[in-house]
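Sequence annotations record features per position, and here TrEMBL assigns Fe cation binding site to HIS250, ASP252, HIS306. Under the heading domain 'Fe2OG dioxygenase', TrEMBL lists 232-350.
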Amino acid sequence: MYRADTTADEAAEITAFRRAEKKYKLYYEQSSKKFYRKKKPKQVDLSEVLDFNSILNSHNQNDELPPGIAAVRCGFDDRPVFRLETRPGFYFIPGALSVEEQCKWIRESLRSFPQPPNRTNHNAIYGPVGDLFVAAKEGKVLLEEEGSNGDGQKWRFCEEGVAKLRSKGNACKSVSGTALLRKLRWSTLGLQFDWSKRNYNVSLPHNKIPDALCELAQKLAAPAMPKGEEFHPEAAIVNYFGLGDTLGGHLDDMELDWSKPIVSMSLGCKAIFLLGGKSRDDPPLAMFLRSGDVVLMAGEARECFHGVPRIFIDEENAEIDSLETHFSEESHLLDYVRTSRININIRQVF
Ligand code: OGA
Ligand code: MN
C-alpha cells in the first residue's frame, strides 16, 4: 500500500529509501473542525521497526536472537554489542551510556559545544554567538548593534529590557535566545565541517575534541576497530532535533579511512534510524534509537545510506523518564530534553 500523499505513479519514481522516509515522517491529521487548534500526529505502523531493547532483553533472558542479528563477543563494558549479517561494519550497542553519562553529554551539547570557535548553523547569519544556552535561560535577546570599535554591525546578547529600549524607534533587528536555542540544528567540534561544501575546512580555527569525549569514543569504537589499530577522533558533528526535524538519507564520505568507524551517540527523545544499502533503491532497515544507544558504522557500512526520519516527543514514545528524573531541578534542561533529541557523531578524518 502506498501512503495517501503519494500516488502510485509518484511512488514508482521515488527510491526505496525515500519511500521509507515518507512512511515514518511526522504527518498531522487533517482536522475537520475549523477551529480545532491542537494538531494530532498521524498514527504510523511501527511493527517493522527493529527494537534492540527487546532484542537485548530476550538475548539476556534466553540467549535468543532474531534471524540476521548476531552478538559480538568483545562486548563493551560487558554489554552485548549486536551486528547485522546483511550490513557488515554496522554495530548497535543498546544502552551503552549510563544515565549520568547521557546527562553529562546533553549538558555539554547545549552549554559548551556551541561555543566559538566551534561553529553552529547560526554562524552564517549572526557570526560567532557565545553562551546561547545561558542567554536563553536568562531571557536574553540577540541584538544587531554597532561594533565597539566601529567595526561594522555585530550581534550581541543583551537583557530583554535593554533590547526593547534600543530597538524603539530605530528598526533594530533582534531575536530571542529562546528562539535561537530552539533553532539550533548543529554544532561542529574539532576539525570544522563545512556544510556548504560538505567537506572539512582545516584552515578554520578550532579546538581539539575534548579529552573525555575522545576517550569515550575510543572505548566505544573498539568492537568495530581493525586489530592493532587505534581510533583517533578528530571531528564531531552534533545534531539537534526538535519535533518534525529530520536528517535526510546520506553518506558520510569525506573522511579518508573508511575502515575507521563513525561513533554515533543518541541522547534525549527516541528516534527512528533508517539504515539503507549502497544504493538508495535498496529498502532500508528501520530501528529505534533511544537515549544512551550507540551505533558504529565502519567498513562496508560506511557506504550505506542512512538518516533519521522521525523523533518522538510524546510521553509514551519518547522514553526519557530517567533523564526527566535527573534534570528535575534544572527546568531549562528538562524543557529542552522533553522536546528534543541530540546526536553526537565522532569521526577520524585523516
Ligand atoms: C550524521 C548522522 C545520525 C543520527 O550526523 O551523519 O548520520 O542518529 N546522524 O542522528
Ligand atoms: Mn551520517
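Just so you know, glycine gets a Cβ as well, placed from its N, Cα and C.
The binding-site residues in question are HIS250, HIS306, and the one with the fewest Cβ neighbours inside 10 Å is HIS250. Residue environment of ASP252 (Fe cation binding site) contains 16 other Cβ atoms, counted within 10 Å of its Cβ in all protein chains. Taken together, the residues of the domain 'Fe2OG dioxygenase' (232-350) have an average pLDDT of 98. According to its DSSP assignment, HIS250 (Fe cation binding site) is in a strand.
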